[in-house]
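K.L.:
Take a look at the following structure, please.
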């Protein structure tokens, strides 16, 4: 791949992974508009790893505190806000793992197309708008509870459908369940860690077994750009989301979905 192509695709991955606007909808645009071939399995692994490293490093203190508290809850039975949050994150991960294994082949075969992505981009954008407008509660992440965590986990499982947006679906569910905008975003970002780690392990195994030639320079550039873009995205999103709300992302999703439908008809 050309350097411009590497940087653009890595930027798209890094910026859209944590914004509620669907990364799959954006990754399909370069191929549609510029006629680019698929970037290859190894490049997907690299840019996803970059995004995962960004969220892990950004929330390193939270994750370390949660991990220690979780271990203490197992060893000594000590419960704290951090240990409960860790358990809720684990619980919220289960539906995506089950649904992902069960429906992976069906989704890849039948739902990974522009029509589905355009439709879900618009539909789930409208759901995000409704949830943001109707939500009046200000619960923190430590007030989530296991029932809400499980429901948010089902939303994450639904986001396996291309165009839905994992962050968009989980934030929508969290807002509907009474979490504040900032809490909904933080819970969504923390949820991405176990899912991302699991996916990274699986795809790395597939990559090792793949006969695909590996361009390590391209992978390094892609991972770095994706990491920087994702880190900046998380920082500014959490900084401004309480005041800004979800409306700008909803409008953007409606425009993006319309553009994708226009490309279908073109």
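In case you wondered, yes, glycine gets a Cβ from its N, Cα and C as well.
Source: prediction; values computed, not measured.
For reference, Swiss-Prot lists these features for the protein:
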type: TRANSMEM; residues: 1-21; note: transmembrane segment
type: TRANSMEM; residues: 39-59; note: transmembrane segment
type: TRANSMEM; residues: 87-107; note: transmembrane segment
type: TRANSMEM; residues: 111-131; note: transmembrane segment
type: TRANSMEM; residues: 149-169; note: transmembrane segment
type: TRANSMEM; residues: 183-203; note: transmembrane segment
type: TRANSMEM; residues: 218-238; note: transmembrane segment
type: TRANSMEM; residues: 246-266; note: transmembrane segment
K.L.:
I'm a bit unsure how to read this: which one of 149-169, 183-203, 246-266 has the highest number of Cβ pairs shorter than 8 Å with the transmembrane segment (111-131)?
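P.N.:
Stretch with maximum Cβ contacts: 246-266.
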K.L.:
In the same chain, which residue numbers or ranges, 6 or more beyond the ends of the transmembrane segment (1-21), come under 8 angstroms Cβ to Cβ?
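P.N.:
Non-local partners: 27, 30, 36, 39-40, 43, 47-48, 50-51, 54-55, 121, 128, 165, 167-168, 171-172, 188-189, 192, 215, 218, 221-230, 233-234, 237, 246, 249, 252-253, 256.
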K.L.:
Considering only Cβ pairs under 8 Å, which range in 39-59, 87-107, 183-203, 218-238, 246-266 makes the most contacts with the transmembrane segment (149-169)?
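P.N.:
Ranked by Cβ pairs under 8 Å, first place goes to 87-107.
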K.L.:
State, in range form, which of 39-59, 87-107, 183-203 has the highest count of Cβ pairs under 8 Å to the transmembrane segment (218-238).
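P.N.:
The stretch with the most contacts is 39-59.
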K.L.:
Who are the long-range neighbours of the transmembrane segment (87-107) in its own chain, taking Cβ under 8 Å and residues 6 or more past its ends?
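P.N.:
Result: 66, 70, 73, 144-146, 149-150, 152-154, 156-162, 187, 190-191, 193-195, 198.
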